[in-house]
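K.L.:
The structure's right below; bear with me while I get my questions together.
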Amino acid sequence: MDSTPLNWEALDALIIDFARSENLIEDSFSSSPPSSPSPSPSSLSSSSYHSRLIIRQIRRSLESGDIDCAIDLLRLHAPFILDDHRLLFRLQKQKFIELLRKGTPEDRVLAIRCIRTVLAPCALDAYPEAYEEFKHVLLAFIYDKDNQTSPVTYEWCESRRFDIAGLMSSVLRAHMQAYDPVFSMTLRYLISIHKGFCFREGVLSPISDLTERLLLDERDPPATPKESLHEAPPFDEVDIQALAHAVELTRQGAIDSLRFTKGDLFHAFQNELCRMKLDLSVLDELVREYCIYRGIVDSGRGALSGMQNRSSSLKVDQSELEYCSSRNCSLEVDYATSKLSDGTETDLRYSLEPTSNREDCSTSDSIHVGNSRTLQVNKNRGIVERSKRKRWRGRHDDRELRDLSYSGCSKQEVSTTTVASTTMSKEQQNLEKHLPLESTGKDDKYEIVLGIRELASKRLAAEVVEEINAVDPKFFAQNPILLFQLKQVEFLKLVSSGDYSSALRVACTHLGPLAADDPSLLKQLKEALLALLLPNEDILGKGFPINALANSLQVAFGRRLGIEEPQLMKLMKTTLYSHSEWFKLQMCKDRFESLLKIDSLKEVNPPLLSTTAGLLKSNSDSSTPGSSQVAKSSGARTTGDGSSPTQASSRDACDENAILKVMEFLALPRADAIHLLAQYNGNAEMVIQQIFA
C-alpha cells in the first residue's frame with residue numbers, strides 16, 4: 001500500500017498540542033511539581049484537561065464498583081447528572097447490585113434501604129421500562145451471583161460496571177465538552193477509515209498489528225437524548241449520512257446523536273469519535289518515540305524522568321554485574337535505591353541492555369560519529385542546549401486522580417499531599433542536576449541528525465554538506481539527489497545575495513557534474529539557472545520548501561546511522577493515503593478534515609526543484625494579463641473534491657438528492673449508491689425497485 005507525503009511541521013504542532021493537553025511533557029528545568037498540569041491556553045482540548053481528569057476518576061470508581069465515590073464526585077463536579085433520573089436510576093441500580101455482591105449482612109440491610117429510599121422512587125419516572133427493570137433486579141435477592149442459570153445473570157456480570165462507566169463518560173464528555181485532544185480524535189478517525197478502506201478493497205493492511213493494538217474494537221455506549229428531545233424537527237439528510245458513514249453508525253444512531261447535540265453536526269461527530277477507545281499506553285509510547293526523533297523532548301534524561309514514577313524497583317546485585325560484563329552490556333539507570341552526592345536518596349532502576357544495540361546502529365564502517373562538528377558544539381553547550389527541549393514526564397493519572405479525591409479531605413491531608421509532591425519534585429531535580437552530560441552512542445547520533453536538520457532549515461547548505469561528509473563520506477555518493485538539492489539551495493542563496501560568480505562556480509563544480517551523471521536532473525538544473533533572471537529576488541524566502549529538504553535529510557541520514565523513522569510516521573502516512581483514496585471512492589470532500597487538521601497534514605510544499613520555475617512563471621503571469629487564466633485552463637483537469645474527471649462525470653450524472661435517497665433507503669455507502677445510480681441512468685426509484693424486486 002502506498003503512502004501520502006506528510007507535512008511534518010503540521011504533525012509536530014498536533015503532537016505538541018496533544019502532549020501538552022495530556023500533561024505528558026514539561027520544561028526540562030521546571031520548578032513546578034510534576035503533578036501540576038500545564039495546559040496550553042490557546043487550545044480548547046488543553047483547557048479541558050481537568051474535566052477529562054474528573055471523568056477518568058468517575059469512570060475508574062464505577063469500573064471498580066465504588067458507586068458511592070462516583071456519586072460524590074458527580075455531586076461535586078457534575079450535579080446535572082444526578083438531576084437526570086434516567087442516569088440516577090442506572091447508578092442506584094448498580095449500587096444495589098454492588099451492595100449485594102459484598103455478601104455481608106450489613107450490606108444486605110443497606111441494599112434494602114437503597115431500594116426503599118432511592119431506587120423505587122427513581123423507577124417511577126426514569127423511563128418507561130424502568131419500573132419493569134426495577135422489579136426484575138429484585139430477583140438478585142433470590143439468585144446468587146454464582147448461579148449461571150439465574151434470570152439476573154446479566155445484572156450480576158461485572159461487565160455491567162464498564163457499561164455504566166462508559167455511558168457516564170459519554171454523557172459527561174458531551175455536557176462538559178471535555179473532548180480528547182485533536183490528534184487523538186484524528187488518529188481514531190484515520191484508523192477507522194483505513195480499516196474500512198482495506199476491507200472494501202480486499203487488501204491487507206501493512207500496519208494492522210499497530211492499528212489493532214492502538215484502536216480497540218469496543219466503544220462506550222452513546223449518550224442518548226431525553227424523551228422530550230425526540231420531538232426535534234428532522235435533520236438535513238446530508239448531515240445524517242455524513243455522520244453515519246464517518247463514524248460507522250446506523251441511520252437511527254446518527255439521528256439520535258444529532259438529537260443529543262440539538263443538530264450540531266460537529267459536536268455530534270466529536271462525541272462519537274471520543275466513544276472509540278484508544279490504548280493510551282500504546283499511543284503515549286508512539287508519541288514519545290516521535291518526540292525524541294523530532295527533537296521535541298530530550299532523548300536521554302527525558303526518558304529517564306518519565307520512568308521515575310513506576311511502582312516497582314530493582315537492585316543490581318553482583319551476579320547481574322558479572323552477567324553484564326560477560327555479555328558486553330551497558331547499565332542504564334532506571335530504578336533502585338541510590339544516593340546522590342548531596343545525600344538525597346532517590347529511586348532508580350538498572351536495566352540490562354546490550355551495548356551493541358545502542359552504540360553500533362550504523363550501516364557502514366565508514367561512519368565516524370566522533371568527527372561530527374555539530375555533536376561537539378552541542379556537547380560544549382551542554383545543559384543549556386538540552387534545556388531548550390521538553391522533558392517527557394509521562395502519564396501520572398494515579399497521582400493526579402488521587403489529588404482530585406482530596407477535595408473532600410481535611411486541610412491537613414491536603415497539606416501532606418502537597419509536601420509529598422513538592423519533595424518528589426525536588427528529588428527529581430536533584431537527580432537531573434547530578435546526571436552526567438555524556439550521552440550514549442545512540443543519543444550522539446540523534447544529536448547529529450537533529451543538528452543537520454537545524455542547519456538545513458537555516459539554509460546553511462554548505463555547512464550541512466561539510467558535516468555529513470565528516471561523519472559519512474559515502475553518504476552523498478548514495479544520495480546524489482539530496483546533494484543536488486543542497487547545492488541548489490547554496491546556488492539560490494548566492495544568487496539572491498548578488499554573488500553571481502560564486503553561484504556559477506557552485507553550478508559548474510557541483511550541479512553540472514551531478515546532472516551529467518543523472519540526466520533526470522538536467523531539467524531541474526535548467527530551472528535552477530532561471531534564478532539568474534530574477535535579480536534581487538529572495539527565492540528561498542518565497543515559498544521555497546526548505547523544511548521539506550531538512551526533513552528528507554533527517555530521514556535519509558538518520559536511516560544511514562541506524563535511526564529508523566518512528567512508527568507514528570508510517571501510521572500517519574499510510575492512513576492519510578487511505579483517507580485520500582477513500583474519498584475518491586466516495587466522490588465527495590470530507591466534511592470533517594478541517595476540524596481534525598487532516599487538510600493541514602496533507603499540505604505538503606511544492607516539489608523542491610520546480611520552485612524557481614514557478615516563481616519565474618508567476619512573475620511572467622503578473623506582467624501579462626490573462627496568461628494565468630490560460631495556463632490554468634490548459635493544465636490538468638481537477639475537481640474541487642479531489643476526484644478524477646471520470647469520477648466527477650459519473651457523480652454529475654446523478655442528482656445529489658437521488659444519491660442521498662439510495663443511501664438512506666438501502667443503507668449503502670456513497671460510492672456504492674453512485675455506481676448503482678449510474679447503471680440505472682440516475683433513477684433512484686428504479687434502483688430501489690430492482691433491489692427489492
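Using the three backbone atoms N, Cα and C, a Cβ is placed for every residue, glycine included.
Pulled these features from TrEMBL for this protein:
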type     : residues : note
COMPBIAS : 615-650  : compositional bias 'Polar residues'
DOMAIN   : 51-107   : domain 'CTLH'
DOMAIN   : 445-502  : domain 'CTLH'
REGION   : 27-47    : region 'Disordered'
REGION   : 615-651  : region 'Disordered'
K.L.:
With helix taken as DSSP H, G or I, strand as E or B and everything else coil, how many residues of the domain 'CTLH' (51-107) land in each class?
P.N.:
49 helix, 0 strand, 8 coil
K.L.:
For the domain 'CTLH' (445-502), what does DSSP give as the number of helix, strand and coil residues?
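P.N.:
Secondary-structure breakdown of the domain 'CTLH' (445-502): 49 helix, 0 strand, 9 coil.
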K.L.:
Calculate the per-residue pLDDT averaged over the domain 'CTLH' (445-502) and state the result as an integer.
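P.N.:
It averages 91.
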